[in-house]
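Student: Okay, handing you the structure first.
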Amino acid sequence: MKLDEPPVTPVSAVERRQSTILTRDDARLEDLGYKPELKRAFSRLEVFGVAFSIMGVVPSIASVIFYNLPYGGPVGMVWGWVVAAVLIGTVGLAMGDLASSMPTSGGLYYWTHRLSPPKYRNFLAWLVGYNSFLGNVAATSSLAWGAQGIIFAAASMGSPGFEPAMWQTFLLYCGVLLFCGVYCAYFTTLFARMQNPATVLNLVLALVTIIGLPIARRNHLNTAKFTFTGWVNLHNWGSGLTFLLSMLAPVWTIGSFDCAVSISEEASNAATAVPAAIIGAIGSAGVLGTILLIIFALCMGTDLAGLNDDPIGQPLAAIYQMAFGTKGALAVWSLIAISQLGMTSSLILPASRQAFAFARDGALPFSKFWYKVDPKTETPVRTVWLVVGCAMPLGLLGFADPVDGAAINAIFALNVMGLYVAYVIPIGARFIWGQNHFTPGPWYLGRWSRPVALIASLWMLFAIVIFCFPGDPNPDAATMNYAIVVSAGAWVFAIAYWFFPKVGGKTFFTGPRTADLSAEVHEYYEQEYGTVEDPNKKTAKVTTVAVDPDHKEHPESDGSDSRVQTGR
């Protein structure tokens, strides 16, 4: 609700329901305590398209292959991806449980506030919101940086010897952000309709690679032994840490799947569409990426040092050029560039929705300004430009090391660190405190819910530590990992803003600003959505989608004999 508007009242909620304006999704959202304000333009398939398009497996691998190619060679590429994909899957499953239970655009910090003890919930929700914003901004920045790199690689293929200056690189990076910002701010309906074509484009790129590369390189294929067991370490870390660092590529690629949560308030059937999109996108990207990396390892030759330092500036572009020639490689590469631009747009949109939800709860500086829905587009245009504006300065890291690009590569680790901190707190709260504060939604893991949450939390904590390491031991100012510097700065700001005397977040932020609803409305929701039986108290019934704004405790089903009625 707007900060200067009265809260949704039980009477107004009933009136909306009786006037048929209140859809099933809007009823669910109001039961969570929020006033529906955004147009629900995304179908189930389109929500999946957003999550999968952000991953955009082929262009994503192109952007971060420098992380698994020199860190272990084929072993790091193939097996590092497989191990990471399985662990990422546990994060998706745990997040799906929460997304089904509480489908709101403020997902991560709303879940944290709902599941944490009263003493800590406001501060933890505050930290999660800021880390989510940091991770989304870094993800936007890394995607835009990858896009400019792909575009300039095409220029280098077409004009051998061309090497862009850093100022040109930065200008193109800013241009990508501005283009994608306009697209997300003013063409949301078109954006939603383009998710299915974007998904098809990603699949076409994958098929061209899986089928075309081995055929074109049939006389130069690597052996199966090298493809699956070849070990090449071009850095100075030991083998164990080198293998772990190779996982940044899959963790970054199969990431930002919380974007589906951020558009919960614009999705139809959000309580099932959003978790299905998260898990489906992770599974699809995990399998597809494994196949693609096997193909790349099979077709890339054995001179990995030369490939990593190719003048084109993109090892994957060099592989395509070896296989298809310059013209054929440019044709494929142009499609990869288009897909990368779509990925950047696909990230800006949900990132802006998360910022909008955070401003709605008064947590951002100047929240009243950012919390504004454009009356023409019915979208939060201002937070689109907030995300774009915050992402642009991160590109300045490129000037710290314009030759090797070690400093700017930190934005990829920064993306992972920011989002994983934002993920691990609500999922960890689900495991530690959620026994009596979690009401299952229609998508629920049952008795496996808490064990999966534990595994996911341990994995994310481990990954956060690993990705703080620099690319090599004994780094200098140009090659250090700036992710920890930027993230530490963001954490200091968030904590200082919380504790600042008189005007800090501690003085005004009370978590998600929700409205209490009447018993009549809750009864209506129960009739519409059905109930979940509590195995510990058979006479008790709770709605599958209701989360009390005043944080009353609900017993949790273990999933052994629960049944969810959807009313269909």
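Count begins at 1; order follows the chain as displayed.
Just so it is clear, glycine is given a Cβ too, placed from its N, Cα and C backbone atoms.
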Student: Please identify the range among 237-261, 312-336 that TrEMBL labels transmembrane segment.
Tutor: 237-261
Student: Among the recorded stretches 45-67, 237-261, 383-400, 406-432, 482-500, which has the greatest number of Cβ pairs closer than 8 Å to the transmembrane segment (165-186)?
Tutor: 383-400
Student: Using Cβ distances below 8 Å and needing 3 or more such pairs, separated by at least 6 in sequence, tell me whether the transmembrane segment (273-298) contacts the transmembrane segment (452-470).
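Tutor: These two stretches do not touch.
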Student: State the non-local partners of the transmembrane segment (237-261) in its own chain: residues 6+ outside its ends, Cβ under 8 Å from one of its Cβ atoms.
Tutor: 47-48, 50-51, 54-55, 57, 60-61, 64-65, 67-68, 71-72, 75-77, 79-81, 83-85, 88, 92, 95, 99, 103, 105, 107-108, 132, 135-136, 139, 142, 231, 267, 274, 277-278, 281-282, 285-286, 289, 346-347, 349-351, 412-413, 415-416, 419, 422-423, 463, 466-467, 469, 471-473
Student: With the transmembrane segment (198-217) as the reference, find which of 45-67, 79-102, 406-432, 452-470, 482-500 contributes the most Cβ pairs under 8 Å.
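Tutor: Stretch with maximum Cβ contacts: 45-67.
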